[in-house]
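What TrEMBL says about this one:
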type: SIGNAL; residues: 1-19; note: signal peptide
type: DOMAIN; residues: 39-206; note: domain 'Endonuclease/exonuclease/phosphatase'
type: ACT_SITE; residues: Glu115; note: active site
type: ACT_SITE; residues: His166; note: active site
type: DISULFID; residues: Cys205-Cys239; note: disulfide bond
Amino acid sequence: MSAFTALVLLLALSSYSTTSTSTPAQLSANDDSVLDIAAFNVRIFGANKATDQTTMDILVKIILRYDLILIQEIRDSSGTAIQTLLKTLNKELKVPGASYKMKLSPRLGRTASKEEYAYIFRSDLLTCIDSFTFNDHFDVFEREPYVVRFKSDLAAIKEFAVAGIHTSPRDATNEVSNLTKVYDAIQQKWRLDNVIIMGDFNAGCDFVKEWRAIGLAKDPRFYWIIDHSKDTTTGHSDCPYDRIVVAGRDLVKNVIPLSGDVFYFDHEHINDWTSISFVFL
């Protein structure tokens, strides 16, 4: 089975009623009362996938479910693949007056095999007001987290930041633990508490075993939406690699309990995608 592990966060818009009796499952993608947020490791997204029509059709179908999505593992020095995806998304988006925009990170990584993060978002719902790449003085991260600050006049929380991360499996314990420093940097730079940290943490099974050593897990400021019981992988493994962690009183108190989940996308053409989700009031 292949799974598109979308780390999905639903933020309530001003029209959402807090007295709603809907279950997390009923608050699905494309609900007009919520803001759908996801993270997606596309696995070596470059020219080959961008020129494969079946793959692109599936990608577009998945991404159109969301108002904001973090795309990970873009490997394309020409920069054309992600632009092709964005153009196709806007062609297929059938919402009057709406369009997708993108905030793209620098190419990141210690080796010649660089990766980019891309935040693709609905410009009628969200505005990107700032961004930065974490200043990794001590070279902790294989690929430095990329942080974007968003504003929404429609959401219950008017401003929040998202920090995207794709860790190295070899050093996942150290990288995940040091994500507390990324949060500290966001607070210092923007005086902002409401932050989502999400992506492919590689946080499980053989890659992360000593949870007592993980600062992000011990620190009471952080609430883990996707816990250790979730399988966010494909095939026969059963590992919670992909995660969503939130911080900030307003953000945490509006997360619907038990709404974190994994979305499995099955297709014979795709064998290496996974996605996760949770619901935010």
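Cβ from N, Cα, C; glycine included.
Whatever TrEMBL says is automated annotation, not expert-curated.
The Cβ of Glu115 (active site) has Gln72, Glu73, Ile74, Arg75, Arg107, Leu108, Gly109, Arg143, His166 as same-chain neighbours under 8 Å, each 6 or more residues away in sequence. The predicted model assigns the domain 'Endonuclease/exonuclease/phosphatase' (39-206) a mean pLDDT of 93. In the three-state DSSP scheme, Glu115 (active site) falls into the strand class. All protein chains shown were included, and the count of other CB atoms within 10 Å of the CB of His166 (active site) stands at 24.
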